[in-house]
Amino acid sequence: MDLFDSHSTEHANLPRNMIENSMFEEEPDVVDLAKDSTAFPTFPALDPDEVAYEPRSSRLLVRGLGENDMDEDEEDCESSARLLGMSFMNRSSAHRSSSSPYTRQAPPRSCSRPSARTMVVCVLFLVIVASMTMVLYFLPGCTFTKAGCRKPNKTTPVEPIYPISTNGELFPWAQLRLPYSIHPISYDLTLNPNLDDMTFTGQTVINMTVLHNTKRIVLHGANLNITKATFKVGLKEVKDVTVLEYKPRQQLAVKFSEELKAGQYCVLTLDYSATLSHTYDGFYNSSYTDKDGNRRVLAATQFEPLYARKAFPCFDEPSFKATFLIKISRKQDYMTLSNMPKAKSTLLPNGLVQDEFERTSVKMSTYLVAFIVSNFTPISKNVSNTLVSVYSVPEKKEHTDYALDTASKLLEFYNSFFEIEYPLKKLDLVAIPDFLAGAMENWGLITFRETTLLVGKESSPLEKQVVASVIAHELAHQWFGNLVTMSWWNDLWLNEGFATYMQYMSLQTVLPQLDTGNLFLSVRFRAMDKDALNSSHSVSTEVNTPEQVEEMFDSVSYEKGASILLMLNTSLPGDQQFRKGIIEYLKEFSGANTDTDDLWNSLTKVWCVKMMNSWTSQKGFPLVTVSRNGDEVNLTQEHFLLTSENATHASSLWNIPVTYVNDSCSLAPECRQVFNLKTNTFLCVVKWLKLNYRNTGFYIVHYGNEGWAALIDALSKNVSVLTHEDRASLIHNIFALSRFGRVSFQQVLNVLEYMPSETESAPVTEALLQLNRIYRLLDKRQESGLVARMRVLYSSQTWGEEKSVSKQELRSSLLGMACSMKEENCTQQAKSLFKQYVDSNETFRIPGDLQHVVFSVAAQSDKDWTTLHSMYERVAYDAEKRKILQALASTEDTRRLVWVLKAGLEGDIIQTQDLPLIISTVCNGFAGYLFAWDFIQENWDRLIEKFPVGSFAIQTIIKSATSQFSTQAHLNQVQAFFSSLKERGSQMRSVQEALETIRLNQRWMDENLPTLRKRL
């Protein structure tokens, strides 16, 4: 999925489960029911599913047997568990009593009249004995005779403590992950959506195989009303069954009195009804206004990561792959789409038409299933035995040509590059009017936002770059993610990191004129900015809750994953080694599920990549420090971690493929020298060194005072002495080192001295982004002296048409920042262009890369804001509409800001899919950032109704609202608010990132504000 804006898993490798018994308010002492092995019989082994999981945080644990590492206390307890099947234990207990609570005392043979003192002692003793007896009586698994004497327990072993289902019965499963007893083979889905009352009915027939003996089937279902359920084993008769539901984990279950035996085949049929979702996940309703002003309704799907269960009962985890046959009924003036071509259409007695699609020719994970009910119009062409089509609402059909041409070229490229043909008969790309994600890679039916698929006749190259990038990403997923799928969401990077890397690599070959290299460079810098925080995570990391699943969709999984693949590729000898390795990986695991180790093991067959594990198993990245002693160069590495408070230190360093150039040869690829940073000293007779050639490595370099001085001197004499990627890299690194506290901000300004000679977009846009970040911090404190510093950079920019993508990037960045700082020459030119545009009845063309700048300046005027508002309601082209919306949200009129925020939340005039963009834009302005923060606090519950907790949209909202705070007062506010949310968002990683960022901002301002005031 683009966020823009295998085998069966071995049980021993899965985390083992714990189930918390909420009945205990205090932590009990260890009670080993199996201490006396002679008194208890040996019980049969637990259901293998009980072995599968064991998170380690509960007070009272119910565990099955497992093979994970244990501490000494656990080993003692485990020995008892091997006899009984499980044990109750207190993880915090440091010692265990050597005496058994079950030791029976022999009765006395004689007695005498006791003294008063003896009487008191005896009474006290009796109280203690009675108390112990009551404790033993109420312990599970112990039975007593009427006389109170203990007898051997011949019942079954202690059962895990299961939750209560909605009907009051015990639900037979207590873990987030499903058991592996049952595996689906195929689904037959029948769906009957009613777009008048926004409901649907359905029937799901699941053919399954039993992998090992079990008395339960557990699967997923959310907000589904099960009306009938039947079950059949092999050739036996069909029987009605009761379906239990546990809503907190969105799980359904069927229990059986007799075991299902390994190797049996069975069929579960579920009839149900539901309401079409009003958010952006599951089977949801959407609408748009046609050219005649009529509201048209449609229904579409978004199942990644956890939402197929909202459309049909299923085993909704990536490793449960199966085939799907889908039937959907519709009105005769509608059409339907699904993953496969349509097999037939049947007129039903009620006047509706039922479309039946071919059974999928490949096994798929449930999150890749998709279907749409709409009145879209396609354009198509045949490419390599595949029918490629682009669908849109009828009014925007003329905007689909570029997408069809781009998708066709990319499909041919991927077929050739991977040496594996795209496996389906058709490939549809569909522009949905109301869609939250940038796009979704459903196999054979890729869904997009209109802004990421449709291109107008006069669209700028930058707009085409966006569309081509998203298409390239989603097509790459047809191999990485669809054909070979990660086993669980902890390895999401195997999907998203590969798709992100291939998106840039493919476009550099297929559409080099789009110049996506600079875009890839920029996103790598942003990934490093996030990964430098202690709140970051390793590329492959533990995922145990739905919120954690959502939070995996971030720049670490996407851009860092892509970055380490780029680093690997560029460090290998020859230009085809990487390709050979990934072809080997795709062919070995075609149709299966994998984890990160599978990737490295597969690639090792082609070349040694053991070094790469250090890049995926620990968070962060290294700082390489260069020091020189004459001709001797010494390199050291450390974790580049911006905050050390509560830091979890890496257990090992990184195996770094270091690349470098020097003053004797610095531009051509042949100049590059490579070595792995194991030994840290080498000889080099040069004036200067530049490490990390073209920034293909995921690390930052500090050259020391002398090294930086030599590089600054070289750039001041000849700006072209380094590639533009290397110059951008120096700028990013020096700002990062300043934030790290390793260099002063004066050193940053020294590096920027050469900037008036810079002509390439990558170094300038990186400098602008970094300075703009500082400027906004200063602006919020009313310290806006950076304006004078930037004048020299934009004075030579033109306002006419520009064909070069890189020059458009440069111009839009420079003019955008200049106008945002209210530079008079910039704002006057923007106002003039907008006036010509309005006076010509919108026939005068504003260059696409300048529309955002021009509209944003116009929005500062009351009259022009009203004009833009009117334009927003009637403009059809989505890229232009998006720029107008950003302009409306950039006004300094606080009443209008409140209106824009509320309109985005309501979703009538402004689509709610754009609310994260609105909040981000409002927060950039001085007038609106506090209003936005108040708006988020007041409307938090409504926000998480529309966007799941932990989702990329929520991450964006939190970051936008808090990233420019730099005072203790704001830190206290943010901390207090999110702490109050509890299960409604307090534990999100993005909250920790926000708090960490505010502290960093506060520290940076305290340390550098005096220097800025002095220099500016």
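Each residue, glycine too, has its Cβ placed from N, Cα and C.
Per TrEMBL, the features are as follows:
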type     : residues               : note
BINDING  : His473, His477, Glu496 : Zn(2+) binding site
COMPBIAS : 92-104                 : compositional bias 'Low complexity'
DOMAIN   : 183-368                : domain 'Aminopeptidase N-like N-terminal'
DOMAIN   : 402-614                : domain 'Peptidase M1 membrane alanine aminopeptidase'
DOMAIN   : 688-999                : domain 'ERAP1-like C-terminal'
REGION   : 1-21                   : region 'Disordered'
REGION   : 92-113                 : region 'Disordered'
SITE     : Tyr558                 : site 'Transition state stabilizer'
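Taking the mean position of the Cβ atoms of His473, His477, Glu496 as the Zn(2+) site, the remaining residues of that chain whose Cβ falls within 8 Å of it are Met1, Asp2, Glu441, Glu474, Ala476, Phe480, Gly481, Asn495, Phe498, Ala499, Thr500, Met502, Gln503, Tyr558. Within the group of binding-site residues (His473, His477), the Cβ with the highest number of other Cβ atoms inside 10 Å belongs to His473.
Straight-line distance linking the Cα atoms of Tyr558 (site 'Transition state stabilizer') and Glu496 (Zn(2+) binding site), rounded to a whole number, equals 5 Å. All chains included, 29 other C-beta atoms sit within 10 angstroms of the C-beta of Glu496 (Zn(2+) binding site).
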